[in-house]
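Below: the structure, in structure tokens.
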Amino acid sequence: MAAPWRDVLRDEAAIREAARVAVDAALLGGVLMRTEGEPNASDVVNYAPFTLLPSAVPSALFDQAYAVQQDFNLLVDTISQNKEFLERTLASTIKVDDFTARLFRIHMQVLEEGLAQSVFLGINRSDYMFDCGADGTPALKQIEINTIAASFGGLTSRTAAVHGQVLKVLGKSEEALRLLPNNPSKGLALGIAKAWELYGSQSAVVMFLVEEVQRNIFDQRCIENELWNRNIRVIRKRFRDVFEKGSLDDAKRLYMDGQEVAVVYYREGYVPTNYDQQNWEARLLLERSRAVKCPDIATQLAGTKKVQQELSRPGTLERLLPGRPEAVARMRATFAGLYSLDVGEDGDKIAAMAIADPDRFVLKPQREGGGNNLYGEELRQVLEKIRDSPERTSYILMDKIKPQPANNYLLRAHSPLQVSECISELGIFGVYVRQGKEMVMNEAAGHLLRTKAIEHADGGVAAGVAVLDTPYLV
């Protein structure tokens, strides 16, 4: 892949000056996070970590990622409505993974009671890397789809302007003009606004369900402000607030502090540590309500790694989306090799293959949020420990994607300025709204590029490993 900034990277004085400008531009432009020391206070903030220079991305692969996003939106929504598929696919996982099992039990309880919700809102992000094949040609390969709390749509809306300023300072004004405008926060807010409108109550509010620790609040505020600009009221509540003050009326309308809630937008609830018994009860209350959940629990289950692995089996996409061969082909072209570790002869062979050559694979549990995957020696040790146990079915195995590294500077508060060998991950945000059986909106809503040093195998921006970036199409 072309390295567009090779000349700039040699000029240390210019790099130091550009870094100073970049940090100030990020602070000025609102590319912000709260500090680790004061994660729930905005008195002291700092810039969110980001690359000094935009990273090269092959334009054909960038276009391919956008072109397939509506297909993935449709697929996620279709899976969420297919009780039998979810039940069959997750059968082995829910025996050994308590978190997925508890989500699944709520899903089944809500279906048995009868769905009160009639409008469905999906905000997901499909993440990819650029796999460098034996001949050196990069190919777009999907890492995962995040169907709950897909973050950084707000901050990435502001990052391109920072990189444009840096390029101008480095004498690259023409290149700065080639950076694409990107505003996922507007696209995500449009989806929430459409769901709010279809819910049909002008006085109802949108509730952001947020974590106890809220370092990444400004990312959420970008979307929140878009809603306020449309005169849609937003409240921010935690699971414990829902447990203490949430209620349903006879029509299963959800009320918080006496206010009717039209849309619940989850920025919480994707890992086991988000839940204690009260929080599980709050989640059940939300799921039973008429409010539009983003996501509803079925859509969260559609984003599990086990579902991702099942989708790669021959014939699965065709059965889920009959009569859509072009969509199936577009999606399948992005799949990396995915393997089941279910109990049985096939699973035994896969486990043995990974133990024998662990550097070829990634071992993935059913978790979101980054920092959970296992590689190399750690992968081998874990698989050897659980190879003869049903516990292995709580994981899937995936071919390790091998991108071509490039040099860049990763700007982090209180860290020295030094060049790193880096790899990037491209995410495309998707938004869809369905009312009953009718798809009312289905769009790609913008992109997110995250970059990390090659020594860090796993983890995103919130996990403190990757940094925000902007694609420079080559």
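Note that Cβ sites are derived from N, Cα and C of the backbone, with glycine treated the same way.
Annotations in TrEMBL come from automatic prediction, not curation.
Over in TrEMBL, the protein carries these features:
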type: BINDING; residues: R125, 148-151, 214-216, Q220, 267-270, R450, 461-462; note: substrate binding site
type: BINDING; residues: E144, N146, E368; note: Mg(2+) binding site
type: BINDING; residues: E144, K305, 364-373, Y375, 398-401, E425, K452, D458; note: ATP binding site
type: DOMAIN; residues: 204-302; note: domain 'Glutathione synthase substrate-binding'
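Most Cβ neighbours within 10 Å, among the binding-site residues Y270, Y375: Y270 holds that distinction in the structure as shown. R215 (substrate binding site) and N146 (Mg(2+) binding site) have their C-alpha atoms 20 Å apart, to the nearest angstrom. Comparing C-alpha positions, S151 (substrate binding site) sits nearest to K452 among the binding-site residues P365, Y375, K452. Over the domain 'Glutathione synthase substrate-binding' (204-302) the predicted model carries a mean pLDDT of 98. Geometry remark: Q220 (substrate binding site) versus E144 (Mg(2+) binding site), CA distance 22 Å. For the domain 'Glutathione synthase substrate-binding' (204-302), the DSSP-based tally of helix, strand and coil residues reads 40 helix, 26 strand, 33 coil. For the pair E268 (substrate binding site) and Y375 (ATP binding site), the C-alpha distance works out to 27 angstrom.
All protein chains shown were included, and the count of other CB atoms within 10 Å of the CB of R215 (substrate binding site) stands at 18. Of the candidate binding-site residues, R125, E144, N146, A149, Y270, the one lying closest to Y375 (ATP binding site) when CA atoms are compared is E144. Taking the binding-site residues R125, K400 in turn and counting surrounding C-beta atoms within 10 angstroms, the largest count is reached at R125. The two recorded residues E144 (Mg(2+) binding site) and R125 (substrate binding site) have their Cα atoms spaced 8 Å from each other. Of all the binding-site residues given, namely R125, P365, K400, K452, those whose Cα is no farther than the 10 Å limit from the Cα of N146 (Mg(2+) binding site) are R125. The closest partner of K452 (ATP binding site) among the binding-site residues, by CA position, is R125; the full candidate set was R125, A149, Y270.
The two recorded residues, R125 (substrate binding site) and P365 (ATP binding site), show a Cα separation of 18 Å. Once Cβ contacts within 10 Å are tallied over all protein chains shown, the binding-site residues E268, K452 are led by K452.
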